[in-house]
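The Fe cation binding site feature in Swiss-Prot is assigned to His88, His90, Glu97, His136.
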Amino acid sequence: MEYKRPIGLDIDLETGVIPGAKKLVRRLSDLKGYFLDEEAYNELLKEDPVVYEVYAIEQEEKEGDLNFATTVLYPGKVGKEFFFTKGHFHAKPDRAEIYYGIKGKGGMLLQTPEGEAEWIPMGPGTVVYVPPYWAHRTVNTGNEPFIFLAIYPADAGHDYGSIKEKGFSKIVIEEDGEVKVVDNPRWKE
């Protein structure tokens with residue numbers, strides 16, 4: 001039997017970069033229709049800022065293996081809503097995931113298919129377990145990049161379509177200088 005070789009990589013804890021990783025950049029234009037305040041979205045779209053970057057080390061898409069990635073989620077808001085990742089269910093919904101906060105301040109918004117939502121604040125050292133069947137999105141509630149590590153089954157896949165179509169049942173906003181998790185008026189059951 002030929003065995004896969006182990007690897008060891010250093011993550012730059014200041015920048016979130018994993019040397020040699022596959023890099024994905026998501027700009028505001030990639031998040032059209034995700035934010036509530038369309039007027040604020042269109043105004044900020046003139047600059048089309050980078051909202052987040054992902055540095056992924058991916059394995060062959062097969063059961064039993066693991067992928068890992070860092071995400072650098074930049075600070076910012078569209079209207080009152082903090083910058084966030086697209087969010088997804090797993091294509092194989094019975095797959096779980098682990099997130100680990102490295103730098104900055106934010107949180108994870110999780111949701112069942114029926115819309116039951118949980119908000120878990122995150123900072124350096126916070127570990128979040130995402131159970132099977134829960135959609136998840138990270139949100140930067142701070143003033144610096146929010147950097148975290150994700151570890152997930154190589155065969156989990158991503159279902160972005162369900163979130164694009166229905167959204168999350170809650171949104172994370174700043175109101176009166178505080179982080180608030182409120183009902184999303186556009187959420188569809």
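Each Cβ is built from the backbone N, Cα and C atoms, and glycine gets one as well.
Swiss-Prot feature annotations superimposed on the structure.
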residue : record                 : DSSP (3 states)
His88   : Fe cation binding site : strand
Glu97   : Fe cation binding site : strand
His136  : Fe cation binding site : strand
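In this structure, His88 is the one among the binding-site residues His88, His90, His136 with the smallest number of other Cβ atoms inside 10 Å of its Cβ. For Glu97 (Fe cation binding site), the same-chain residues that are 6 or more apart in sequence and have a Cβ closer than 8 Å to its Cβ are His90, Tyr129, Val130, His136, Ala150, Ile151, Tyr152, Pro153, Ala156. Taking the centre of the Cβ atoms of His88, His90, Glu97, His136 as the Fe cation site, the nearby residues of that chain (Cβ within 8 Å, site residues left out) are Phe89, Arg95, Val130, Trp134, Ala135, Tyr152, Ala156, His158.
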